[in-house]
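Have a look at the structure below before the remarks.
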Amino acid sequence: MNDNNDSLGALSSEGSYAMYTASAIVYGSVVALGLPLNAVSLWVLLRRHGLKSSSAVFMSHLALSDLLLVLSLPTRVYFYATGTWPLGIQACTATTMLFRNNIRSSAIFITFIGLDRLLAVVYPLRSRNFRTTTNAWKACVFIWLLIVAVNIPESLYQISQIKSCNATNVCFEFTNNVCSVANPIVGYVQSGLVFAMLGVNVVATTMVSWKLRGHLSDAARVNKMNIMLIFTINLLIFIVFFLPFSIVLTLKIKKAIMPMFCLASVNCCLDPLLYYFSLDAFWKKKEGSDMDFSGQIT
């Protein structure tokens, strides 16, 4: 009976019911917008650009991460719309891990994209041998393996906690104060990752902005605008979506956790803007092997 009481208790107040309804609407909207955006983006990256540059490789993995998140969100829509979880502990844990993985992998892949642009603009010749698709693939595979390795102890901990609380009929929202399924270390590690990646992006933005200062031709000015838009979008994603989510998770501000989860999920709808501004002629088939601005900016 404890599991049923948890789910019913979560919806017992009018405020909680409104919050659950709002969450279901937000997640549903993210699915409706994020699914076609990221599916089309991934298709364009794979079919039209052929992963022939380090940028395209990083972006394809970012799009894959966003697509995995979007595909997991219908389960959240169902839970927040009904207040019940019929899919079991394993599905709850898998869905939770996909959400965490998106925040972590997105923060890293977005930073990789920024660093790739930094090298292309500030060190175009010296970095050409380093900025290869092979190195990009190695970096992405390493990140995925690292994330999966972290997921294993996280998942085992969450499964054991849910079983000990007898809360098998709920997911995401465990309202019983005695039941805490989140490992406190997770919040600190995730915040540390987000702050570190944000710092790298701030430094990269500053270096690129300094490099592109001064008088430019009209063509170079357009390229400069595109490049600075990339870094602006990167910083906005961190400041608006990742940073508040990580801080609330670390400080365990209960009333803000649900809204911050909803807000963080929206990041997958903004990432396609990176692809548009990063890749020259995004919708056109690229024949060359290196898609960067290094040869277009003086």
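Keep in mind that glycine also has a Cβ here, set from the backbone N, Cα and C atoms.
As recorded in TrEMBL, the features of this protein are as follows:
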TRANSMEM  20-46  transmembrane segment
DOMAIN    37-275  domain 'G-protein coupled receptors family 1 profile'
TRANSMEM  58-79  transmembrane segment
TRANSMEM  103-123  transmembrane segment
TRANSMEM  135-152  transmembrane segment
TRANSMEM  185-208  transmembrane segment
TRANSMEM  229-251  transmembrane segment
TRANSMEM  257-277  transmembrane segment
Between the transmembrane segment (185-208) and the transmembrane segment (135-152), are there three or more CB pairs that fall under 8 A, provided the residues in each pair are separated by 6 or more in sequence?
no
Paired segments the transmembrane segment (20-46) and the transmembrane segment (257-277) in contact, 3+ CB pairs under 8 A:
yes
Within the domain 'G-protein coupled receptors family 1 profile' (37-275), what mean pLDDT does the predicted structure show?
87
Look over the recorded stretches 58-79, 103-123, 185-208 and say which has the most C-beta pairs under 8 A to the transmembrane segment (257-277).
58-79
Other parts of the chain folded back onto the transmembrane segment (185-208), taken as Cβ under 8 Å at six or more residues beyond its ends:
100, 103-104, 107-108, 110-111, 114-115, 117-118, 121-122, 154, 227-228, 231-232, 234-235, 238-239, 242-243, 246-247, 249-250, 252
Same-chain residue ranges lying at least 6 outside the transmembrane segment (58-79) that approach it to Cβ under 8 Å:
23-24, 27-28, 30-31, 34-35, 38-39, 41-42, 45-46, 51, 85, 87, 91, 94-95, 98-99, 101-102, 105-106, 109-110, 112-113, 116, 136, 139-140, 143-144, 170-172, 265, 267-268, 271-272, 274-275, 278-279
